[in-house]
Amino acid sequence: MAAEEPAMAGEEAVATEGGGLLLEIVGSPLNLSLLGLCLFLLYQILRGERPAAQPGEAGPPPLPKMKRRDFTLEQLRPYDGVRDPRILMAVNGKVFDVTRASKFYGPDGPYGIFAGRDASRGLATFCLDKEALRDDYDDLSDLNATQQETLRDWESQFTFKYHHVGKLLKDGEEPTVYSDEEEKDAQDAKKE
């Protein structure tokens, strides 16, 4: 009988140890609060920053893909997300439709200053001030080699992410007339 008593005491210790962590968490209000906070943060990370959709409410329909064309600076300006819902910006002589990233390039976005403008100088020099914007065509000839390389990197990123809708015209330059076949070829090249 004496041999049975230590064995039973050992079983009780194992039973207490098995639920020990759970009892430790539930037994302390501080631990319970920290567990709740960790679970909430994990939920937020996994869920992402998607805004909650209201029942019966849909966001604005996506704009149709813009046909390829060239722009002067004046023709580009209305596409700032305010005067026109579409947002265009030029990078290194190419015009891109960045509407789907309006969170960044829209009126309230961190890069909103570039909407409807030639963003080349600002992106090349990492300047988000109005001084980086020119009212006339900017040939960017005064950029140093590092800034030119930075600009090419930005151009490459934009080419990969956004729809290239045309080129930025110099003063007096004639626009290119794009055919539907060229548009289709450009879309096919982007898919590859």
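Including glycine, each Cβ sits where the backbone N, Cα and C put it.
Annotated features, as they stand in Swiss-Prot:
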TOPO_DOM  2-24  topological domain 'Lumenal'
DOMAIN    70-169  domain 'Cytochrome b5 heme-binding'
BINDING   Tyr111  heme binding site
REGION    172-192  region 'Disordered'
MOD_RES   Thr176  phosphothreonine
What is the interatomic distance between the Cα atoms of Tyr111 (heme binding site) and the residue listed as 'phosphothreonine', given in whole Å?
29
List the residues of the same chain that sit at least 6 positions away from the residue listed as 'phosphothreonine' in sequence and have their Cβ under 8 Å from its Cβ, in sequence order, or write 'none'.
Asp70, Gly166, Lys167
Over the domain 'Cytochrome b5 heme-binding' (70-169), work out the mean pLDDT and round it to an integer.
94
Tally of DSSP helical, extended and coil residues in the domain 'Cytochrome b5 heme-binding' (70-169)
40 helix, 18 strand, 42 coil
I'd like the number of other C-beta atoms within 10 A of the C-beta of the residue listed as 'heme binding site', please.
18
